[in-house]
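Here is what TrEMBL says about this protein:
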COMPBIAS  620-629  compositional bias 'Low complexity'
COMPBIAS  637-648  compositional bias 'Low complexity'
COMPBIAS  652-669  compositional bias 'Basic residues'
DISULFID  Cys754-Cys764  disulfide bond
DOMAIN    682-785  domain 'SRCR'
REGION    614-689  region 'Disordered'
SIGNAL    1-25  signal peptide
Amino acid sequence: MAGRRAVAGIGPGALLALRVLLAAAHPQCLDFRPPFRPPQPLSFCVQYSSFGCCTAEQDAELARRFRALETRLDAGVWATCAGYALDLLCQECSPYAAHLYDAEDPATPLRTIPGLCEDYCLDMWQTCRGLFRHLSPDRELWALENHRAKLCRYLSLDDTDYCFPSLLVNENLNSNLGRVVADAKGCLQLCLEEVANGLRNPVAMVHAGDGSHRFFVAEQVGLVWAYLPDRSRLEKPFLNVSQAVLTSPWEGDERGFLGLAFHPHFPHPSKLYVYYSVGVGFREWIRISEFRVSEDDANTVDHGSERIILEIEEPAANHNGGQLLFGDDGYLYIFTGDGGMAGDPFGTFGNAQNKSALLGKVLRIDVDRKERGLLYGIPPDNPFVDDPGARPEVYALGVRNMWRCSFDRGDPVSGTGRGRLFCGDVGQNKYEEVDLVERGRNYGWRAREGFECYDRKLCANASLDDVLPIFAYPHKLGKSVTGGYVYRGCEYPNLNGLYIFGDFMSGRLMSLRENPETGQWKYSEVCMGRGQTCAFPGLINNYYPYIISFAEDEAGELYFMSTGVPSATAARGVIYKVIDPSRRAPPGKCKIHPAQVKVKSRLIPFVPKEKFIRTPESIPRPTARAPTKAPRRRRPTAAAPAPTIRPTKPARPSRRPGGRKGGGRRRGRPSTAVPAPQNGSVRLVRPAGLSPGRGRVEVFVGGHWGTVCDDAWDTKAAAVVCRQLGFAHAVRAAKRAEFGEGRSLPILLDDVRCTGSERNLLECAHAGVGTHNCKHEEDAGVECSHQDPDL
């Protein structure tokens, strides 16, 4: 009944340290949820008016019980004991009520009297022990009424940090009460709630803004699923363009279905817009199409209604952009990559700096009009409409590969910040960055990466007039930024104004908060809550490491999508809702009333699979392994200093989320991560059915996996590769893509000439990284063996 818990195998000193750690913050109410700030001051339990677990209605009920007690007790006794009665009744309003009543676990019996500290209990027993039977129906407690030591032992808590009234003056429990808790390193302690699972690289989650509070989740393969507010999924896909979408099972392939957005006035008209990769032969391009929802089923698209409104040829398989957003102005914003490969090598200044190219840009179009022979209109205030050397669609330029952007909804009360456009731009060799995108501005790529110069000649050009990012971080923190959202939801007031984003490669969750007076942004990492911080029913403290995308629902609550295997065909993707365990909104304030939508498809109920991991330590971020196949949004590796926030004006380029490898552990699980590959590392990719030691050669250079051309390819080069892979002998050098073409990868080496003694292919003579005059039909391979082929 008293709910005592022992910690086996831990000495007294360690147990004390553990208690301090657990006390660092796990406020919890009797409904198993975080405390809140009551909308109005409480009139009875006034000490919990600013923060606690009681609404005005609950406070009034406690006052009624207090008055009822008064009628049952002698006036003299009541005069002595009323203060004790007030104390004990009001502990239901304490921010630590769940601890006081042993209610952390919904499966355990609830105390009827809060846990008392020994000295308080002994004092109360001396004068008011008869009060206990009026406060509790527990007959075991009644039987101990005349046994002071036994009764006080019965009412004690094993964890004395939480006993009443000591918890009122416990600095560990009260110093940050009601605030987002940070650990000793400043890492914000948040928790998660699983929302959906079994998804294949979930690249986007959006809502329709129609009051239905449905959410729509896009998989990279080209399917979009509709979910109802209760998180059940419709069995029939909302949209299926998988036959048209260009992607592959290779982990890290950046092509595929990449984005969607509903018309801002949906369902009038009932239109949505999608962004996906297509290809024929060696030609690849991105397509922006319009669809209409079926007139017969509000949860299905009319697939015959597709209207292609824009196509842009892609010169390479990576850097495909993929974001679609509608702004408050009603226009569609399209975010394209720079065309791929490395360093934006297209033309004199690259695509991103070329105003006549649509790649490496933020575009803005009017989907409700057509003009100039186009299938869309040009907003009259687009910045380059009067520039004959520029495409009129261009809204901003100088971007490398913006991966996930969002508009700020603005502060729910003042509206501050509304309409700001945040983007994560994936970098090249050194930095990832977060930008605030504004009309007509140049974001610097390929002149700059982060705050530093990338192309020094371009960087020195005084006419560049580029805008620095609000934040950039080096590759020791992550190598592929995934842009997020400024939290503007209702449920977690402490998160208001916090921009939360992540990194696909490192699995790191991060945040920025603006100082409104200076305009500077303060960086804090986001960690999964330590100890008991996330020990609420339904919450978890771990996630899969490859952070693909962020989202907000119709009410403004924040989510992110990640996977354990970054392949378009691996059903390992999970959607998580971000939870602040330190404080929630008052009960009832955030209640939604979804508009009813007729459902014709069978519903698949949501069954959560992820579990809370019990550990006293801060949950480490999940470690992602490098992908085994084509890189997906990634860059060359380079060590760099700590995160940097807007200096006066150094240098910068941009990048996009990089390839990540399968089998990723969840953040918070013991790590057995494979180390990141080093420059010159090689791997063999072989068709199914072939034995190990045979396959296409792929080499890792500057953060990318790529193929090797077979010009000059011979057994000496094969010997270098085989020795790196642990084989004693090279049987032969394979040519003409004998083991398949690596078309989703860049060609990194050509004209490789080795003596056979080199440690890796980079030490051999070659034409230069990325320099080649061949195609993937000439991808080189090897056959290796542990046995001497001549024996």
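Positions of Cβ are set from backbone N, Cα and C atoms, glycine also.
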Neighbour tally for Cys764 (disulfide bond), based on other Cβ positions within 10 Å of its Cβ: 21
Residues in the domain 'SRCR' (682-785) grouped by DSSP into helix, strand and remaining coil: 16 helix, 35 strand, 53 coil
Mean of the pLDDT scores, which run from 0 to 100, over the domain 'SRCR' (682-785): 88
